[in-house]
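Annotated features in TrEMBL:
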BINDING   19-28, ASN110, 137-138, ARG214, ASP252, ASN365  substrate binding site
ACT_SITE  GLU174  active site
ACT_SITE  HIS250  active site
ACT_SITE  CYS371  active site, nucleophile
Amino acid sequence: MKSYEVNFDGLVGPTHNYGGLSYGNVASQSNSQQSSNPKEAALQGLAKMKALMDMGFQQGVLAPQERPDVAALRRLGFGGTDAEVIERAAKEAMPLLVASCSASSMWVANAATVSPSADTADGRVHFTAANLNCKYHRSIEHPTTSRVLGAMFADHKHFAHHAALPAVAQFGDEGAANHTRFCREYGEAGVEFFVFGRSAFDTRYPAPQKYPARQTLEASQAVARLHGLKDDGVVYAQQNPSVIDQGVFHNDVIAVGNGEVLFYHEDAFLETEQMLAELQSKLAKVGGKFQSICVPRSAVTVEDAVRSYLFNSQLLSRADGSMLLIVPEECRGNERVWQYLQSLTSSGGLIREVKVFDLKQSMQNGGGPACLRLRVALNETELAAVNPGVIMTAPLYGTLTEWVNKHYRDRMTENDLADPQLLLECRTALDELTQILKLGAVYPFQIN
Ligand code: SUG
């Protein structure tokens, strides 16, 4: 049976703004308070989806969340009508209003961890929504994420959904941003690679000194258990704490994998040799031939990687077996990174082509091409069981572009978030979107 990696990209929501909310994420901190352009952000994301679809890849779309999140503000004690809740929050606790307005759900690599059916004990595709509890503005995403994923992958015969892990730092889980899967074919059993930043219970693992390590070993292990993965099909590795302290807040800022290939920076991990050997031997047990491409620090520094997002790229398999790298424009803007990419594609190796995308609006908050997509490996039968409303087609691209042009503002600053009109605009837009994507009622304002 045929199988695919389907990329579901997060549609940027109408409140996209630069709130400076993510300590440890260099771009988020350095662009704090700049004015954003939500319309441009959404159109840039849609253009990437359309381009991948046009190249023949399977592409889907994941809906944004309801923002401002009035229900979240109510839980923090702001009362009255919806307009009064926003007004009070703006007056008394602007940072909380900003957090409740973040469009951060666009980075759907953090929405969930997904294990394909070939790896799981019950032969279903498993999803665990990420609790994202390192940052308040992200910790409020998972209930709606679960409803949206449930509406997209509704058929329980093929899809199993798990609620987010306990919402405490010991089980900090950032989803697929710290998870990669190696396999020969997408539909065959593979090896799932979980990368963590620290251990919550075992003091032998070193932790970063400056910035938080968002993902714990214990969270990764819990997800592997929930999904029914075999010990032989899992490898755990620790991120190098010193790169977290340089702004590598997720592993997908320093490494990316696809098929049998891991593309990574020399400084990305601890115990790298041991980790590569384990990946090699476990992949061999399912018939695969593990390959790794290490980018030396002499060619690209960690700082270059963080600024250019070289590793936050999409590594895609083409029909002829070669691979294509989708990188952000910022890679072309960095001389060393661009030079490295030229030498990589001309070396006769597996990665033959680099395609550049302008995702500046998302990049300024620390979200590159890989952050914007959730990979779901599906066989033909499973793909047919996905809600067809969320699969990208030329007409859907046209409809969504029109929808963005009709509803989105082209400028947003902190002051705009307090505008009660914004809430109405967003709800009108999202109500229409659930009809376009055939999701049913998934947002708090549609349910309560
Ligand atoms: O969690 N930025 C996101 C970026 C997530 C990137 N995702 C992956 N690497 N997979 C984060 O730090 C910034 C929001 C703000 O500051 O307005 C933010 O949440």
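Using N, Cα and C of the backbone, Cβ positions are placed for all residues, glycine too.
Keep in mind that this is a model prediction, so the values were computed, not measured.
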Close-lying recorded positions around ligand 1 among ASN25, GLU174, CYS371, where CB distance stays under 6 Å: ASN25, CYS371
Tell me which of the recorded positions LEU21, ASN25, HIS250 ends up closest to GLU174 (active site) in space, Cα to Cα. HIS250
Integer Å distance between the CA atoms belonging to HIS250 (active site) and ASN110 (substrate binding site): 9
Using DSSP and collapsing to three states, where does ASN110 (substrate binding site) fall: helix, strand or coil? helix
For each of LEU21, ALA27, CYS371, count the other CB atoms within 10 A of its CB; which of these recorded positions has the top count? CYS371
By Cα-Cα distance, the member of binding-site residues LEU21, ASN25, ALA27, ARG138, ASP252 nearest the residue listed as 'active site, nucleophile': ASP252
What binding-site residues among GLY19, ALA27, ARG138 are found with a C-alpha within 10 angstroms of that of HIS250 (active site)? none
Residue with minimal Cβ packing [other Cβ atoms within 10 Å] among the binding-site residues ASN25, ASN110: ASN25
What is the total of other Cβ atoms whose distance to the Cβ of HIS250 (active site) is within 10 Å? 27
Indicate the candidate from GLU174, ASP252 with the smallest number of other Cβ atoms within 10 Å of its Cβ, considering only these recorded positions. ASP252
If you draw a 10 Å sphere on the Cβ of TYR23 (substrate binding site), how many other Cβ atoms land inside? 13
Cβ atoms near GLY19 (substrate binding site) (within 10 Å, other residues, all chains): 24
Local Cβ density at ARG138 (substrate binding site) - other Cβ atoms counted within 10 Å: 22
